[in-house]
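Student: Starting off with a structure, shown below.
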Amino acid sequence: MISRRTWEDMDSPKLDRSTITIRTADGSAINILGSFKAAFTIFDRKGRPTEGKGCCYVTESTDLLGLEWCIQMHDYKELREQYNCKLASAAIENARDDIVNRLKTRFADVFSPGLGRCTKTKARLFLKPGARPVYRQKRPGEGVRAVASILDERPLIGCTLCILSLTLQRVRALGFNAIQYYIPWNFHEVYEGEYDFSGMRNFTEFSRIAYDLGMYTLIRVGPYICAEWENGGLPWWLLKKNISMMRTSEQRFKEEVSKWFSVLLPIVKPMLRQNNGPVLMVQVENEYGSYEGGYTAWLRDLFKSHLGEETVLYTTDGGSNSLLKCGTVPDTLTTVDFGPTAEKKINSSFADQRKYLPNGWIVLWGQKSASLPSPGEVVNSAKYMYNLGANINFYMIHGGTNFGFWNGGETNAPCITSYDYFAPISEAGDVTPKYLGIRSWIKSIPDWKTQPLDVPQNNPLVPIRLLVFSHPLMTDCCRKKAFGNVKMVPVDDLTQPPNRRNCISSPSPMSFEQINQPFGFVLYTRGTFMHSYNGKSRRSVDLDDCNPGDVLTIFVENQGRQTYETINDYKGILSDVELDKNVLHGWTQCKLDIIHDYADTSSSNAQGAGKYGVYHGTFKVDVPTDTFLNTTGWGKGVAVINGNNLGRYWATEGPQVNRYHAVQLNVIKRDFS
């Protein structure tokens with residue numbers, strides 16, 4: 001038994017009239033639209049197939065329980081008659097358990113370990129001979145007239161899947177029919193050979209949730225993604241491989257890319273539309289037209305070798321003929337990104353094939369203003385392009401947050417922690433005037449298949465149940481609350497490393513990459529000469545009041561590797577350090593882990609209130625909710641709450657002073673510190 005939606009996805013095979021009557025466990029009738037003959041294969045949890053033939057029934061139900069299907073079989077006709085589904089409430093639990101126990105004996109594969117109860121069973125259906133190939137006629141992405149873009153790295157970080165469902169509901173309420181996200185290589189392989197696709201990194205579940213809500217997905221797998229993300233998505237440890245030219249056909253780079261895609265693409269393959277999955281298209285690289293061509297053809301062939309020849313691949317490049325000339329790859333779709341503009345400019349630009357419609361722009365530390373399109377400009381540009389027959393992708397539709405150390409940098413400054421991007425749905429999940437304008441326009445389009453839903457409420461109180469360490473916890477989602485001022489007290493001094501095991505000695509200074517420090521901070525010391533000082537970049541520094549026996553200490557921060565122009569952005573002290581034109585030798589560099597090295601905040605240290613200190617504060621809440629941390633009056637640093645890195649703050653530089661804190665980051669502790 002399949003749903004109407006699955007039947008439509010199969011090109012709506014002709015239905016025969018059905019006289020069968022099916023009821024749910026509580027006795028409610030299920031409306032059967034009809035049936036068709038089908039050969040099917042059911043795979044168990046170990047991938048072993050069971051072949052069969054029979055009638056496939058199409059139902060209006062959106063929640064097909066395995067129990068509903070099982071009790072229609074002839075072997076269980078007597079079982080159905082034996083139990084009246086209208087039992088008194090006190091007897092329902094026992095009756096259900098008795099039925100399930102019997103079903104477990106009969107259908108052992110369905111109830112194999114990991115499923116628990118008979119809920120959903122996945123079945124791969126094949127139409128009878130002579131029928132049209134499933135989905136083949138749909139290529140390339142039929143019906144995608146408005147595509148939403150929401151980045152994997154932004155909303156997924158620090159989010160639970162139930163929160164993601166609420167986020168995606170807001171996108172679906174706009175009337176969108178697809179969602180797009182990145183898969184950053186360095187997010188899933190922080191350390192070489194150690195892969196992580198769990199929790200917030202579970203992109204397959206993200207696509208599943210979107211599909212359940214009625215949206216397909218497009219994925220941008222890189223290997224380079226840009227996205228104002230740390231190192232453009234390339235792992236920091238590639239910088240240790242002595243690869244002279246990243247993103248080229250250099251053999252050592254291709255070997256590393258091949259190893260990564262041999263892990264990633266087999267996970268993507270079952271998600272593709274031709275395999276009955278939610279993914280319509282896969283992007284090759286990102287804006288490669290800015291460089292020489294050649295290596296993207298190798299990527300295309302690599303993708304197809306893992307995903308299949310029928311996979312729809314596409315490229316995205318900047319808005320000029322010269323960029324497209326290098327970025328276009330044969331046998332892929334060509335798309336271009338650009339912002340809201342005048343109709344004349346849109347007409348001339350469509351000669352170069354355009355797709356993306358940014359709603360805002362990135363913001364850098366120290367940036368004082370930004371020129372942004374108004375809601376009217378965004379809607380008018382989208383409306384004009386749609387009338388020209390264009391497929392449209394809004395970038396971004398939902399703002400995000402660079403939690404931790406994942407922000408990237410431009411050539412002149414790093415990106416701020418917020419990636420709100422002035423999106424129609426804000427970083428904190430609130431709908432904006434842009435949202436209302438886009439939704440109103442889509443709602444006015446005749447015969448739009450995915451009609452907009454009711455406008456979501458801002459700052460709602462939505463009780464949700466989170467499963468944390470196998471214990472259910474009720475908490476509030478989406479509501480935001482202020483908790484007043486928090487007194488901060490000094491507890492430690494960063495110039496005194498608590499863990500000397502993380503220190504390495506060498507004749508000359510070593511980079512972050514050489515000592516295996518991906519992100520954060522390194523403390524360099526060269527004793528004994530003089531007092532400590534602070535240098536922002538390579539420069540000459542005049543030091544006063546220096547005495548023999550003083551220690552030279554240089555505190556270095558990785559503010560985020562560049563995402564564009566250079567992708568060989570090494571961090572740390574990368575040259576000799578001279579004192580009065582004499583090169584200094586004999587250095588010690590200590591890796592600082594702000595999460596673990598300074599986790600003990602039980603005792604305060606008033607002497608830790610120097611330039612590089614650790615401060616601690618505590619506040620209590622009855623029920624965890626979303627909130628913001630206001631850093632006005634602070635200097636520069638990193639904010640950590642209950643072991644979760646909220647990202648950087650730099651209140652003295654601006655423009656961002658408030659740090660978004662999502663409820664799902666801290667759902668266990670009622671004391672926040």
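Numbers run from 1 along the shown chain.
Backbone N, Cα and C atoms are what each Cβ position is placed from, and that goes for glycine too.
So TrEMBL lists these for the protein:
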type	residues	note
DOMAIN	167-444	domain 'Glycoside hydrolase 35 catalytic'
DOMAIN	546-592	domain 'Beta-galactosidase 1-like first all-beta'
DOMAIN	613-661	domain 'Beta-galactosidase galactose-binding'
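Show me how these features fit into the shown structure, please.
Tutor: The average pLDDT computed over the domain 'Beta-galactosidase galactose-binding' (613-661) stands at 90.
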Student: Helix, strand, coil residue numbers for the domain 'Beta-galactosidase 1-like first all-beta' (546-592) per DSSP?
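Tutor: For the domain 'Beta-galactosidase 1-like first all-beta' (546-592), the helix, strand and coil counts are 0 helix, 21 strand, 26 coil.
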Student: For the domain 'Beta-galactosidase galactose-binding' (613-661), how many residues does DSSP put in helix, in strand and in coil?
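Tutor: Summed over the domain 'Beta-galactosidase galactose-binding' (613-661), the classes give 0 helix, 28 strand, 21 coil.
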